[in-house]
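K.L.:
So TrEMBL says this about it:
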- 12-36: transmembrane segment (TRANSMEM)
- 48-70: transmembrane segment (TRANSMEM)
- 82-106: transmembrane segment (TRANSMEM)
- 162-181: transmembrane segment (TRANSMEM)
- 210-228: transmembrane segment (TRANSMEM)
- 266-287: transmembrane segment (TRANSMEM)
- 356-378: transmembrane segment (TRANSMEM)
- 399-422: transmembrane segment (TRANSMEM)
- 434-453: transmembrane segment (TRANSMEM)
Amino acid sequence: MGSLDMDSMAASIGVSVAVLRFLLCFVATIPVSFLWRFVPSRLGKHIYAAASGAFLSYLSFGFSSNLHFLVPMTIGYASMAIYPPLSGFITFFLGFAYLIGCHVFYMSGDAWKEGGIDSTGALMVLTLKVISCSINYNDGMLKEEGLREAQKKNRLIGMPSLIEYFGYCLCCGSHFAGPVFEMKDYLEWTEEKGIWAVSEKGKRPSPYGAMIRAIFQAAVCMALYLYLVPQFPLTRFTEPVYQEWGFWKRFGYQYMAGFTARWKYYFIWSVSEASIIISGLGFSGWADETLTKAKWDRAKNVDILGVELAKSAVQIPLYWNIQVSTWLRHYVYERIVKPGKKAGFFQLLATQTVSAVWHGLYPGYIIFFVQSALMIDGSKAIYRWQQAIPPKMATLRNVLVLINFLYTVVVLNYSSVGFMVLSLHETIIAFKSVYYIGTVIPIAVLLLSYLVPVKPLRPKTRKEE
């Protein structure tokens, strides 16, 4: 394709040439993942996974991107080979250090805001994959008794070979934008073991229906995004006209700006969902004994209605960037809770801080994730009140359900401004324009929850009934 064609095509959908090149390579992951099915032998499949990922990265971001990817891959593999007992620890800190270095050097957030693109997004996904691989290799050396279910399921008893490791790291369906998956799953999928083993009835799940649904979803999201984006530019927050509006109009604009931005992520995750489904890796078991309905949860990174209509803020991580939320739960949250203790606000805040640093060292990200820890904790408090209301007072209980829903909508869309504008100055201007409503409400709720502590109702025992 000539550069002239690229220019006119990019102009017609209103993106830069770099972004168009990325989008074409990104959509190409669907046919490339489909062809994976026809590659003979395990070795062939690993080589194909690694080579296709590296080649699409080269086409999309240029040659240097693959050199960037080599750094965390080398850190992870070398730490497993040289000092296995601490390999997870080493990979976690060095992997994150390199990612932060790239974030700072490329200032990727500014580039993304201005319509540019670089390989940092793919590097973010890769960093999580090499860390989980090293930690699971670590877990493989521990005694099975003390391990949690997730650790038992994902632990690696042997060290993966270099070609398996490269295939896992660069496998093209998930390389650009996630979803993150486990080394154990990648190996079982390639070797047709575990849930990928052909069932006694010789049935393999058919990916076509699920893939078409994901592609259709991607098309709808893209169309909605392209329709909404010119109407709600992020620059409006710093324009004088915005300051002249009343409170409700400003708040409505913040909601719509957040709503608009989410469709871009929905589009990207729908495309990667399609490519992970068509390769077969997305398969996560059968819905029932009859083996008629296949589940494709491993490929799913977002539940659109779940996010937009979340009943409480606690549900957001279960519906938004699902695989990264799962990763944070398994490799950060659960590992900083002392055995026998319950996780509290500190664990939540630490996990959200790791998530913020992973996204990039912008004040907007840090503010967003501290806000989200407040938001989730406040939502838990409302939920506790809701549970403490006796069943007889169903109306009051429903009122609290509605309050929690509205609380989530308000605080989430207020907080997400930071995630979109990134700079401290712009974030504060936007927050101030709505009187910091999304910070004040969660803090007020949390203070109230200390003043009005509740004991959940004990379920009645059989005798009392």
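Each residue, glycine too, has its Cβ placed from N, Cα and C.
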K.L.:
Considering only Cβ pairs under 8 Å, which range in 12-36, 356-378, 434-453 makes the most contacts with the transmembrane segment (399-422)?
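P.N.:
Ranked by Cβ pairs under 8 Å, first place goes to 356-378.
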K.L.:
Most CB pairs under 8 Å with the transmembrane segment (12-36): which of 162-181, 210-228, 266-287, 356-378?
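P.N.:
Against the transmembrane segment (12-36), the leading stretch is 266-287.
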K.L.:
Residues sitting near the transmembrane segment (356-378): Cβ under 8 Å, six or more positions beyond its termini, same chain?
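P.N.:
Non-local partners: 96, 99-100, 103-104, 108-109, 120, 124, 127-128, 313-314, 316-317, 345, 348-349, 407-408, 411-412, 414-424, 426-427, 438-439, 441-443, 445-446, 449.
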